[in-house]
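Trainee: Pasting a structure here, questions to come.
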Amino acid sequence: MMATYEGRYTDAQALRIAVVVARFNDLVTGKLLSGCLDCLARHGVDTSSNSDQLDVAWVPGAFELPIVTQTLALSGQYEVVITLGAVIRGDTPHFDVVVAEASKGIASVSRETGVPVIFGVLTTDTMQQALERAGIKSNLGWSYGLQALEMGSLMGVLRSATSAS
């Protein structure tokens, strides 16, 4: 019989979540974090300053996201890690290097640790595009929060199903 596995957006109180935020372009990343925390709170995650369920780590920029994400994922304390950043194209190839290394690094953390890592790094050509994605038109931080809830739940379902068989 075919099995179907899906994550849920309920029972979020059971998840331990880490959010790693790049400080560079904090006008954008601060808004992403706000949207993400709003989503998590509305789904039952304790986002208060004395929360035992959520931790937020700030890093200098998107390039530093993978190492801190890996450290948190390896700690065994979190069911899911969310990364938030904003890399905006400039006149030099720096954008391409940062985006490539950050995305590869973040993806490898998830594969190597088995902890879902949500890729919440905006890659845009202009600051205006980044701001539109961080709150002017919509806030993708909310979407990243939902992805974290779904993946954290799904991994729990999969672990239970595979350990039972």
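Each Cβ is built from the backbone N, Cα and C atoms, and glycine gets one as well.
From a predicted model like this one, the values you see are computed outputs, not experimental measurements.
The active site, proton donor annotation in Swiss-Prot covers His94 and rests on sequence analysis. Swiss-Prot lists Phe24, Ala62, Phe63, Glu64, Ala86, Val87, Ile88, Phe119 with the feature 5-amino-6-(D-ribitylamino)uracil binding site, giving sequence analysis as the kind of evidence. Annotation source Swiss-Prot lists (2S)-2-hydroxy-3-oxobutyl phosphate binding site at Asp91, Thr92, Arg133.
Can you tell me where each of these features sits in the structure?
Mentor: Look at His94 (active site, proton donor): DSSP puts it in a helix.
The DSSP secondary structure for Phe24 (5-amino-6-(D-ribitylamino)uracil binding site) is coil. Residues within less than 8 Å, Cβ to Cβ, of Phe24 (5-amino-6-(D-ribitylamino)uracil binding site) and separated from it by at least 6 positions along the same chain comprise Pro60, Gly61, Ala62, Gly85, Ala86.
In sequence order, no residues are near Asp91 ((2S)-2-hydroxy-3-oxobutyl phosphate binding site), counting only same-chain partners six or more apart with C-beta under 8 A.
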Trainee: In terms of DSSP three-state secondary structure, what is the assignment for Val87 (5-amino-6-(D-ribitylamino)uracil binding site)?
Mentor: strand
Trainee: Compare the C-alpha of Phe63 (5-amino-6-(D-ribitylamino)uracil binding site) with the C-alpha of each of the recorded positions Thr92, His94, Arg133, and give the closest one.
Mentor: His94
